[in-house]
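Here's what Swiss-Prot has on this protein:
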- 30, 92, 131, 467: (6S)-5-formyl-5,6,7,8-tetrahydrofolate binding site (BINDING)
- 226-388: domain 'TrmE-type G' (DOMAIN)
- 236, 255, 257, 260: K(+) binding site (BINDING)
- 236-241, 255-261, 280-283: GTP binding site (BINDING)
- 240, 261: Mg(2+) binding site (BINDING)
């Protein structure tokens, strides 16, 4: 999407509900712009004495404006500017579900003068018209795409301005310091000299707060993209049973025959608020079976692509030569050792396994009995601990910055550090202002106070059409 002007004048239309193979009960066509009401009045016929007032719902029919042919029986929602999502006149046709009806309604809107909306254009208008800042706009996209309650909670926090608030405060502090410096440059003879130690302390305080905001980036990335976890090991150690116990389902086939799992079986879970894609893989061993050999290759590929590898062994057998071979293949990955089937051995045997049956270099070890659901909580705790997120719950979250925001905040941090070095090296005040301006601009990029059209283009093109 190319933004040619910063003040939209055309009227846009799009289908606002998801288009899926399964038909929903309702489909919505949304319009926004100065001509939205006029187009709606051309297409929509409300029987009786219904009043076309803002924030009212009308009942009626959509007919072709030239032929009078009935298209659908609908509800019409009216939201006049500025009390709308975009702060423009907005109307929504609530049609019967099914792609044919809503596509026909959309086509009539376009024929009547509306333009097909680009991805994210409704939210872009909300931003350009001052209803949302850029962090709030991005939070809407993140809320729509959230895969867990914790991710949704973080997105809602951003939508409520909890991320923008500290960023604006830091930017205001930088602007205050810049004003002090520029006043000394312009009115050097009329004002006392700057206290360099005081300015440096203020910059240090800003850097501390900025670093705290930046520290949420890794948490935010995990909440948005999740983790990929691969369960690997030799045949018949209970990998599929572990997946089934963990996912509370029968996703994987379980038998006593080696080589039952011949392909990667996936399951989507949420662990401590983090979306987790779990991959149950074929048992790794030397085999002449062509199909099983392909499965073994895919197991190795899954281990390479995973964020965390669960190397699973059998407590009844202990650490075998094949376990050692597999370990050597995956030891460069982040590894958690799963000692499965501990319910089949006595306590003494279990302690022996813990002490001598696996390399001392494996520090993360969890004992499980998948068939009895034993050890699942400990496994989840080990995974969260592995990514330093052992308490990511909605009640413990305020906000988390995304990748774009983190990049801008990093630029702001670097500029502030350069400003401190400039002061330390006794360079002229003009040099101080260069670094400070760089930091102020970078902070403004986060909230949208200083942002280029190309950046807006990238951000809003990631939205769905109709949002």
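Even glycines carry a Cβ here, placed using N, Cα and C.
Overlay of Swiss-Prot annotations on the structure.
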residue: 30; record: (6S)-5-formyl-5,6,7,8-tetrahydrofolate binding site; DSSP class: strand
residue: 92; record: (6S)-5-formyl-5,6,7,8-tetrahydrofolate binding site; DSSP class: strand
residue: 131; record: (6S)-5-formyl-5,6,7,8-tetrahydrofolate binding site; DSSP class: coil
residue: 236; record: K(+) binding site; DSSP class: coil
residue: 282; record: GTP binding site; DSSP class: coil
residue: 467; record: (6S)-5-formyl-5,6,7,8-tetrahydrofolate binding site; DSSP class: coil
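A straight line from the CA of residue 282 (GTP binding site) to the CA of residue 240 (Mg(2+) binding site) spans 9 Å. In sequence order, 13, 14, 15, 16, 90, 91, 92, 117, 122, 466 are the residues near residue 30 ((6S)-5-formyl-5,6,7,8-tetrahydrofolate binding site), counting only same-chain partners six or more apart with C-beta under 8 A.
Between the CA atoms of residue 240 (Mg(2+) binding site) and residue 467 ((6S)-5-formyl-5,6,7,8-tetrahydrofolate binding site) there is a gap of 41 Å, rounded to the nearest whole number. Fewest other C-beta atoms within 10 angstroms, among the binding-site residues 131, 239, 467, are seen around 131. Between the binding-site residues 92, 236, 240, 282, 282 has the most other Cβ atoms inside 10 Å of its own Cβ, all protein chains included.
The distance from the Cα of residue 236 (K(+) binding site) to the Cα of residue 131 ((6S)-5-formyl-5,6,7,8-tetrahydrofolate binding site) comes to 58 Å.
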